[in-house]
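Here is the structure we will look at.
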Amino acid sequence: MFVTTADPKLEPPTMTVNTVLSLLALDYPAGKLACYVSDDGCSPLTCFALREAAEFARLWVPFCRKHGVSVRAPFVYFSSSSGAGARDDEFQRDWTAMKSEYEKLVSRIENAHEESLARRGDGEFAEFVGAERRNHPTIIKVLRDSGKAGDGNGIPSLIYISREKSPRHQHHFKAGAMNVLTRVSAVLTNAPIMLNVDCDNFANNPQIALHAMCLLLGFNDEVQSGFVQAPEKVHGALKDDPFGNQMEVFYEKLGFGIAGLQGMFYFGTGCFHRRKVIYGVPPVSTDVQPTRMRVSTSHKELQKMFGSSKELIESARSTISGEMFVTVPTVDLASRTDVAKEVSAYSYEAATSWGQEVGWVYGSVAEDILTGQRIHAAGWRSALLNINPPAFLGDAPTGGPASLTQYKRWATGLLEIILSRNNPILLCISKHLEFRQCLAYLVLDVWPLRVPFELCYALLGPYCLLANRSFLPKPSEPGFVIPLALFLAYNLYNFIEYTECRLSARAWWNNHRMQRIVSSSAWLLAFLTVVLKTLGLSETVFDVTRKEQEGAPDGGDPGRFTFDSSPVFVPPTALTILTVVAIAVGAWRAVSGAAAEGAPAAGGPGVGEFVCCGWLVLCFWPFVRGLAGMGSYGIPWSVRIKAGLIVAAFVHFCTRN
């Protein structure tokens, strides 16, 4: 079980701890489970929190199994459960004692300070002395070893990893971290199945591993189950999805349909992978190619693919040869940390197939979609794990900055895929990605390519009102019916989809306006970022999304749009100001009769142009409120000034003769 975290400030250690505890308490033989936590922030606070969690697990895991706890993330269980009125006195005593221990755990973690832990330089934290986030050797801590003599509590192993980093080497963001986890786990426990979970996605159903095994092992032809993906569900979801990031309609209308093709996409969390599939092993047979060459198990070929580590090569050979239950001999895991550090060095992947044909694929910050495409292109199919209660629950970002940061990262990664040799069209032509699955991937991948077109349409209305022109037919002209019918048909169809998914009209509107906001902000910046990267003028940056377990980022209204001085807010602010100015100018002309007197032969703006601008103002209403708001609910003056300069330049362009 792999858990990834990157920043203890944006991803609080208590959140990571709850995710880890929910995994350690799964209904599955403890000796067959091992949890690896990748800390890309190299934080002694995260390591301290996990060490404390390992001790708390000695109480928590037996408690969950004894009393059949349904949700095994403590912060959820104790917020929705009460020992009062319990079915027996024993449970009430256990519940009260466990809640007290959990509160002590949280208090110890929240009162710990990263600087003081690093300064201590003793025991567990000696290796953090002098370590910088982007420049440090590998740090591996075996916090719990289920196979160690004397540990008979039935608790899975827990291993902390902070991979080696250097400013002189590329680390490939989350994909690099996942490949390190894959190699380290191969030389320590070498389980044939790997579960990948983000630090904010706790296990909501304690039997998820059993359900996943049914799908992974329940087919006569294993090509049907290269990986098993659970839909992303939101814990404590805000009513009516004010930030448009819960994606319920996407999963129910598109995702469940895609599951009937080559299978559900890989979405980076809540996914069970076969180790051999991640190693690039093709299916034994498919309808496309009845006879298929398997990966060679010769030492020379394996060394070329997996690197020079003898232990990793032997581990890979047992996996590729199909001996899926052959694992590393039972030994003290701590005795193998030197081998684990060898395979987690930043230089280990040089001249190997890691990041290309083996492991998580490099070249995009959307490493999940890219890796899933590679697996499907090899001929594998995937399965959907849609169970009740949901397998995993995670957090959706609240506020404007966090939501747009997430969308920017997604769009950046998707555009990188479109512009690479891993383009789904090329994979459909040259490999075994089915045509309909290719089209399904393109539905996602073209998100940022919509930016130039949506921006042009958004600017057409204000331009016409400012320049006293028109681009739409007048109501008296027969052609007026065409844009009106398109507008009504699209929105009506979209609204019906939301009602069929049991969502409200307000949820439909929130998602519709967020699409317009995202396209002019996050997707626009992602588009420019990838264009500059393609021209060699910049590098991609992996933006970590701030995770919040409860409430709003500043303790206010969690459903209200918030702002900061990020450049992502400049384009939509400029578009909002421009639209309001254009409506004011157009209305003044209409009232004063200037439009009739000064209109060119083609005619000035009509009802269509006013409706377009009015619709834009409604879509960008959070920014209209932001122009009048204060604090985090107000748009910063630095953003307003930049947006104002853009608006002034555009107005000058529109009004010049």
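From the backbone N, Cα and C atoms, a Cβ is placed for every residue, glycine too.
What TrEMBL records for E11, D40 is UDP-alpha-D-glucose binding site.
Under 8 Å, Cβ to Cβ, and six or more positions away along its own chain, D40 (UDP-alpha-D-glucose binding site) finds T4, T5, A6, D7, S162, R163, H171, K174, A177. What TrEMBL records for D40 (among others) is active site.
All protein chains considered, the CB of K174 (Mn(2+) binding site) has 22 other CB atoms within 10 Å. Marked as Mn(2+) binding site by TrEMBL: K174, D198.
TrEMBL lists D368 (among others) with the feature active site.
Long-range Cβ contacts of the transmembrane segment (478-496) within its own chain (Cβ-Cβ under 8 Å, at least 6 residues beyond either end) map to 472, 505, 508, 512, 608. Per TrEMBL, the feature transmembrane segment maps to 478-496 (among others).
The annotation transmembrane segment is assigned in TrEMBL to 517-536 (among others).
According to TrEMBL, the transmembrane segment annotation covers 569-591 (among others).
Per TrEMBL, transmembrane segment is recorded for 603-623 (among others).
Per TrEMBL, the feature transmembrane segment maps to 635-654 (among others).
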Long-range neighbours of the transmembrane segment (517-536), counting only residues six or more past its ends (CB under 8 A): 244, 404-412, 415-416, 419, 447-452, 454-455, 458, 567-569, 571-572, 575, 619-620, 622-623
Rounded distance in angstrom between the Cα atoms of E11 (UDP-alpha-D-glucose binding site) and D198 (Mn(2+) binding site): 10
Distal contacts, the transmembrane segment (635-654) - CB-CB under 8 A, six or more residues away: 459, 462-463, 466-467, 563-565, 569-571, 573-574, 576-578, 581, 623, 626-627, 629
Whole-number Å value for how far D368 (active site) lies from D198 (Mn(2+) binding site) (Cα to Cα): 12
Neighbouring C-beta atoms (10 Å sphere around the C-beta of D368 (active site)): 24
